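The transmembrane segment feature in TrEMBL is assigned to 83-102, 131-152, 164-185, 197-217, 229-245, 318-342, 348-372.
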Amino acid sequence: RTLPCTPMRSDAADGSERMALLQGMAYELESTNRSAEGCVHHANDVAMNSESADARQMDVECARTTGASAPPSATPGQQVLSLLKPVCVTMALVVFLAHALGKESVEGGFSSVMVYEERDSDSAATKAQGVMLNALVLVGDLFLVTTGLYCLYKLRCYRIIYGWLYLSVAVILFGSGAFVTSQLLNSANAAVDVISFYFAIYNYAAVGTLVVFWEELGLGEPPSTTKQAYLVLISALMAWSATTLSEWTTWGLLAAVALWDVVAVLTPHGPLRLLVEEAERRGDPIPGLVYEGTDIKLGLGDFVFYSVLVGRASMSGFVTLVACTVAVLAGLMATLALLPIVQRVLPALPISIAIGTGAYFLSASIITPLMVKAQGSSIFF
């Protein structure tokens, strides 16, 4: 910086002048730095405001895309409870129906795809062969259905897929619902005229089919509570129809379905895995009947087979029922606990079916006989 010329003064005065000049220069430099810092802070504020505006714009666009604002994130406990509650309700409904209706079987249920009917007079070898044959038939049906669904989805045949699903849900709600309702009314000796009965059943089935596929029909956000209630009811009706099967056929089918679940989800070319990956690649929901909890989903097939196991266990006594219920729920929680670890879709049946089956045979063969003997010996009052 160029300084102005000044006349010669004394050393003291000259020193004072130099000191004052240096202080002035320091003050000006500090002011300049403050101005520069203010400019930097202002630029940062502008950038942050711009980023906030961009983020808000992205949130708005996301809300427009999804049709609603994103719900607040739930805790892990809330996520688990969002699935445990409907699973428990489904199992309770199946246990109630199994005891209220007994062996009454509706046409078109699981018994319609069984090729072997177990008899008490059959030998152990005959029963084993028949159970294996029934298991192979059921797994074959699941393979054909799942593979067909994947092929149709791959070819974007959405109308065929959802037409098939609409028909399936309508048949379950109307056919099985009408049968179960009529049997419950008969057991309660309640008289209802035919016209009123079928009018009510028709409306209940029509509303249920509409609610389950509310979004697919382009009607916006579905009434979530009503949709979840219908999904639980559909699961209970399907599971109850399987509790009318013979004991060893039931256990054979549960084991076969659990193994199929592993193959279909975890193997590289499993049809369920391919279907999920294709849906994720497109950014579309998975076509099918899926229960949506809080940030987590579970297929209705899992609801069905959990409830089949518990419904069958309830026929062996209260202790076996409690043991299998706790085992199934523990298996489900273990599966959910593995999700954040493996970071991929997992089959929900194997752990629960394995623990539940072990709990059944342990309880039915050891715990229940011990309790009966203890009661006979007046150990328990």
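These residue numbers are counts, starting from 1, taken along the chain as shown.
Glycine too: its Cβ is placed from the backbone N, Cα and C atoms.
A Cβ distance under 8 Å defines the sequence-distant neighbours of the transmembrane segment (131-152), meaning residues of its chain 6+ beyond its ends; these are 110, 113-116, 118, 160-161, 248-249, 251-253, 255-257, 259-260, 264, 271-272, 274-275, 278, 287-288. In this chain, the transmembrane segment (83-102) lies close to the transmembrane segment (318-342): three or more C-beta pairs between them fall below 8 angstroms, excluding pairs fewer than 6 positions apart. When each of 164-185, 197-217, 318-342, 348-372 is scored by its Cβ pairs under 8 Å to the transmembrane segment (229-245), the top-ranked stretch turns out to be 164-185.
Counting only same-chain residues 6+ beyond the ends of the transmembrane segment (348-372), those with a CB under 8 A from a CB of the stretch are 251, 254-255, 257-259, 261-262, 298-299, 301-302, 305-306, 309-310, 312-313, 316-317, 319-320, 323-324, 326-332, 334-335, 380.
Sequence-distant contacts of the transmembrane segment (318-342), counting only residues of its own chain at least 6 positions beyond either end whose CB sits under 8 Å from a CB of the stretch, comprise 79-80, 83-84, 87-88, 91, 95, 296, 306, 309-310, 348, 351-356, 358-360, 362-364, 367-368, 371.
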